[in-house]
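Quick notes on the structure that follows.
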């Protein structure tokens, strides 16, 4: 595997961006104060992961957060994003003419854009409790009508998770208007997962190969329509949950060198679908849990997902209080956090450590391990717990991922 610590490439991109404001668009992340009793949101994340990866999990719904506001920053088009419990980051997007507003979860582990539809029956409470797209109110709407579904892995999980139809309209993100974007209007969705969610739908940032229905993802159209110059986006997340206006940034079309220190370490994408790569190793307390294993970066979850066999041993090292709990949510004695070992991920021959304060989620007097597993999956999934510590770059032009220590 070729390793790249490439400051020269970084400076080249910055030089290109300095010549035109349109080179990149920045979306600011707003962060809310975390509620005290919200550790059950981990179960909700496992349910969402099961939908994306067609695996089994159980969940409950999160509490509701208020919608983010819009702002401009330093001559570029910026938008404040909401942050629910440091586990979900979402952005404002408009669809149609005149624009209809939605709050969408950003997700590098999927590739579709979907929102609730005005065609949703009144009996689907999780649908009618959110903003709904009304095609009749948009002069730029183009009918498609193709059926759209997301399914669980097994019928015991409920069969179809989401269903609706495909439509086409103008989608605007960070004042960039994507013409003729195909997206899904959802007419049925599970109440337990989405009824009280702070977001209306989802904005997928994965590769086109995992897009349901063969739909061209929005990011591809941003590039194809010349709205951004480079097929690159980058993500910076704050994690202390105490600032409502400065939670991080999604940068479309480039990077922001003020948000990380040192040089970016690049690793090739091993399979174009998720943002997947080969992780050299994962070591906790001197024990190696991974050797040249497949891993993905997923901003759609705050968790660290490992194979089931690894989780059993990790739970032993962390002395979790409920090792036999089938929910996948493992509790830790809060008084032991300082004495827990550092988790070290080695990627492209460079170490990326996570301290216990990074990988233990604390909600008031309840402390939860961010390590969990999904039955049937051998992938390591590095979510927002990891991405809070490290600035991440997603380069579709060179099919590579960049990593550097985030500035906090």
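Think of each number as a place in line: the chain as shown, counted from 1.
Even glycines carry a Cβ here, placed using N, Cα and C.
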Key: Range among 33-56, 57-80, 81-104 that TrEMBL annotates as region 'Disordered'   = 57-80
Inquiry  = Within the domain 'Peptidase A1' (89-404), what mean pLDDT does the predicted structure show?
reply    = 90
Note = Cβ proximity for residue 127 (disulfide bond), under 8 A, sequence spacing 6+, ordered by residue number, returns 116, 117, 120, 121, 186, 187, 188, 189, 194
Request  = With a 10 Å radius around each C-beta, find which of these disulfide-bonded residues (293, 367) has the fewest other C-beta atoms nearby.
outcome  = 293
Ask   = How many neighbouring Cβ atoms, not counting its own, are there within 10 Å of the Cβ of residue 120 (disulfide bond)?
value = 21
Query = Among the recorded positions listed here (107, 290, 367), which has the Cα closest to the Cα of residue 298 (active site)?
reply = 107
Task = Based on Cα distances to residue 107 (active site), point out the closest of the disulfide-bonded residues 290, 293, 367.
result = 293
Remark   = As a whole number of Å, the Cα atom of residue 334 (disulfide bond) is distant from the Cα atom of residue 290 (disulfide bond) by 27
